[in-house]
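Below: one structure, written as structure tokens.
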Number of protein chains: 2
Amino acid sequence: MNEIRVGLIGFGTVGSGLAQTLHEQKDRLIRRTGAAVTLTRVADINIDKLPEHLNSAVLSRDAADIFNDPDIDIVVELIGGIEPAKTFLLEAIRHKKHVITANKALLSIHGREIFEAAVANGVEVGFEASVGGGIPVIKSLKEGLVANRIMSIMGIMNGTANYILTQMTDHGTPFAEVLKEAQELGFAEADPTYDIEGIDTAHKLAILMTIAYGKHVQLSDINTEGISRIEPIDIEFAKEFGCRIKLLAISQNHGEHVEARVHPTMVPCSHMLANINGAYNAIHFNGDTVGNVLLYGPGAGKMPTGSAVVADVVDIGRNILNQSINRVPALSYLPEHIGTPSITPMSELTCPYYFRISAADQPGVLSAISGIFARHDISIKSVIQKSRHADEPVNIVIHSHEASEAAVELALTEINALEVCAVPAVKIRILTSDD
Amino acid sequence: MNEIRVGLIGFGTVGSGLAQTLHEQKDRLIRRTGAAVTLTRVADINIDKLPEHLNSAVLSRDAADIFNDPDIDIVVELIGGIEPAKTFLLEAIRHKKHVITANKALLSIHGREIFEAAVANGVEVGFEASVGGGIPVIKSLKEGLVANRIMSIMGIMNGTANYILTQMTDHGTPFAEVLKEAQELGFAEADPTYDIEGIDTAHKLAILMTIAYGKHVQLSDINTEGISRIEPIDIEFAKEFGCRIKLLAISQNHGEHVEARVHPTMVPCSHMLANINGAYNAIHFNGDTVGNVLLYGPGAGKMPTGSAVVADVVDIGRNILNQSINRVPALSYLPEHIGTPSITPMSELTCPYYFRISAADQPGVLSAISGIFARHDISIKSVIQKSRHADEPVNIVIHSHEASEAAVELALTEINALEVCAVPAVKIRILTSDD
């Protein structure tokens, strides 16, 4: 029987999920591909022994043992982080191994170098597991929607942040408390910065934009804001406006320029993305031919990620068996057609806004604030003042009509400088139904 | 430049959508594949002239002109119906042409013959557009979820039926009135039988089950009920139970046996499928590795279907260019591993039920009915009696605990035979959260 031989670097949670999936699905994969997909070598510096079902695989402490094994076809990197993952991937590519990674941080920062090295060495790069966990989002975008100019990408791409916002929405619990619970339950990491500050979501948006538009989009292109300043009161107001607050990745395609932003967003309850709850992910595309498509599923976890990595292994394995390497270009467009993106400056964005301004409860404050908005041409749709306790600052909540981000920034700078405002205003962009 | 030459049989709405997509996406497809995808011949007996952008294509009245053209690589059949579509597809296959079809009726009835002919002739069959319109559901199931045993398939696969149920839910309009509106708006056909009686949904479920399980599932394997007996009062009661009524295709995989059913279903509002509105489709899979995945998008229409057909053209085109024909087996499993399904008899199904029994408003009726349920071991969770007007029958609405379909059928036969029951009872199965 034909055999596809896989070497794995990193036997942590995701790596052991890959091994388990290959083990459990072995017969199914044979019936689907006619080939045995075998994990022949594992490199990890933290384990002494492989599980029983991997007794035919060799465990090594040195990743080089994997590149140097002439029998290995595909090297899977599942250690995460920038180094030594980057060096390992580039070394594997130099050794003419096809590579698979779930490493969105690495791809969104050094993707260009990695993909160019792969082209130069005639090998494939699989990265289905880097975005949306087990959801076949990369394949759908590269192949299923091949006949589309992608007009927008919008998504909930971080399960931890979505879990926190869902808990805050359902139970009114403050952010810090939910985060602590999530950490205790293992849904959030000890250092949750990447998840809650939108950085992980930005990694994924950069990857999706790259293949959607055929442009090398990098992490530094994405304008990123997190959810750590969202309070239960913001969620309550969102409900009053018929919305839910979600941490969204958004890219609108304006032709010459494309938007690239990650931030908390008020999403109308009628929108599919408002109804994605808990740790699930969902990615919404608008294609000029197909219209709106949404893909939903588990965005992380040992087995969902295993499902996606094995899909890549099989995809590349089929190309090895059929001698059809790079049958589909790694970045969806042929290398010679990949360009450099031009990102719309955030200052050019226009949308309706929600502002929550915490100010001393004094006469004239609302007049001062609304005067500032008026001077910057920001038209107010509604204002609600709510004080929680006497002697505490009041929360002035303003829902604006469509306004320009540049004007909003200027207005908020002035408002934050007011003596009555002790803490900076909270600003949440509102998704409109045409988005 | 490489060229992929396509012949099209049937230049109706979907056929012209394919032509338009190929025209509009020509440059994009070149940048993605390195090849020009060209529609070189069109056969249609109802048109005299092709649109301007197709001036290099030859129009013919005879489909044989397409099979006999040695320069054509792929034949796309978009005429629908069983004959002559079946003959045309088999003829094309015999002429060693790869074929693509959106014809779910044909595939769900004669799929086995067509797929076996394709294997015998070494050609591919593309059918992405046959299920879920523009949603890349076939590719996701065959490739993205390759490392999964599919444990269940549930979906809203008919936009017309979902549009009607959504309108009934949002506006309380009776079925017949919404259907008439839908026909006037072009959302429903003059003969809506296939859409409203669940037959079109059953076609699609048969196709998905075939590739999910690697068994030749046919239309006749699917237990099918439509939505024409649903009344606004059922929708009101569904709301009271925290549910919405949806026409669902459902297949649970029990190993030896698999369920295969299409029927109106009360779906808890917390389930993603309850929130799919209007003419959209959504297909939900549970895979043993990945967990729950849902794919959402436009289930029909000229351009969404064009998007799916072109995805198949490109997929097969890439295999032609790379000489990697049948790189992925058409039915997801290799032909020698495709078996015959064993379908769970409906009588073995167990679930909670909703019953609406219209009975004369007489003393003792409820006692008679509840007595019948009790004798058949059907435990009642709640009963509501509502009369609309004096002298009219009352509606007795019963929400049962989990009960067996066999018992339910026996009980309903007895209830329908009661003199006080002028019309047969309405029965709607209720989806539970573990489904």
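Keep in mind that glycine also has a Cβ here, set from the backbone N, Cα and C atoms.
Database features (TrEMBL):
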type: ACT_SITE; residues: A:Lys204; note: active site, proton donor
type: BINDING; residues: A:Ile9, A:Gly10, A:Phe11, A:Gly12, A:Thr13, A:Val14, A:Gly15, A:Ser16; note: NADP(+) binding site
type: BINDING; residues: A:Lys104; note: NADPH binding site
type: BINDING; residues: A:Glu189; note: L-homoserine binding site
type: DOMAIN; residues: A:354-433; note: domain 'ACT'
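Structural mapping of features recorded in TrEMBL.
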residue: A:Ile9; record: NADP(+) binding site; DSSP class: strand
residue: A:Val14; record: NADP(+) binding site; DSSP class: helix
residue: A:Lys104; record: NADPH binding site; DSSP class: helix
residue: A:Lys204; record: active site, proton donor; DSSP class: helix
Spatial neighbour of A:Thr13 (NADP(+) binding site) that is closest, considering only the recorded positions A:Lys104, A:Glu189, A:Lys204 and their CA atoms: A:Glu189
For A:Phe11 (NADP(+) binding site), the number of other Cβ atoms found within 10 Å of its own Cβ: 24
The one of A:Ile9, A:Lys104, A:Glu189 whose CB sees the fewest other CB atoms within 10 Å, among these binding-site residues: A:Glu189
NADP(+) site shell beyond A:Ile9, A:Gly10, A:Phe11, A:Gly12, A:Thr13, A:Val14, A:Gly15, A:Ser16, criterion: Cβ within 8 Å of Cβ centroid: A:Leu8, A:Gly17, A:Leu18, A:Asp44, A:Leu78, A:Ile79
Fewest Cβ neighbours within 10 Å, where candidates are the binding-site residues A:Gly10, A:Gly12, A:Gly15: A:Gly12
A:Glu189 (L-homoserine binding site) versus A:Val14 (NADP(+) binding site) - Cα distance in angstrom: 15
A:Thr13, A:Ser16 as binding-site residues, winner by CB count within 10 A: A:Ser16
CB contacts for A:Lys204 (active site, proton donor) [other CB atoms within 10 A, all chains]: 27
Length of the line joining the Cα atoms of A:Gly12 (NADP(+) binding site) and the residue listed as 'L-homoserine binding site', in Å: 15
Helix-strand-coil residue split for the domain 'ACT' (A:354-433), DSSP-based: 24 helix, 28 strand, 28 coil
Local confidence of the prediction over the domain 'ACT' (A:354-433), expressed as mean pLDDT: 93
A:Ile9, A:Phe11, A:Gly15, A:Glu189 screened against the residue listed as 'active site, proton donor', Cα within 10 Å - retained binding-site residues: none
A:Ile9 (NADP(+) binding site) to the residue listed as 'L-homoserine binding site' - Cα separation in whole Å: 22
Integer Cα-Cα distance in angstrom, A:Lys104 (NADPH binding site) to A:Gly15 (NADP(+) binding site): 15
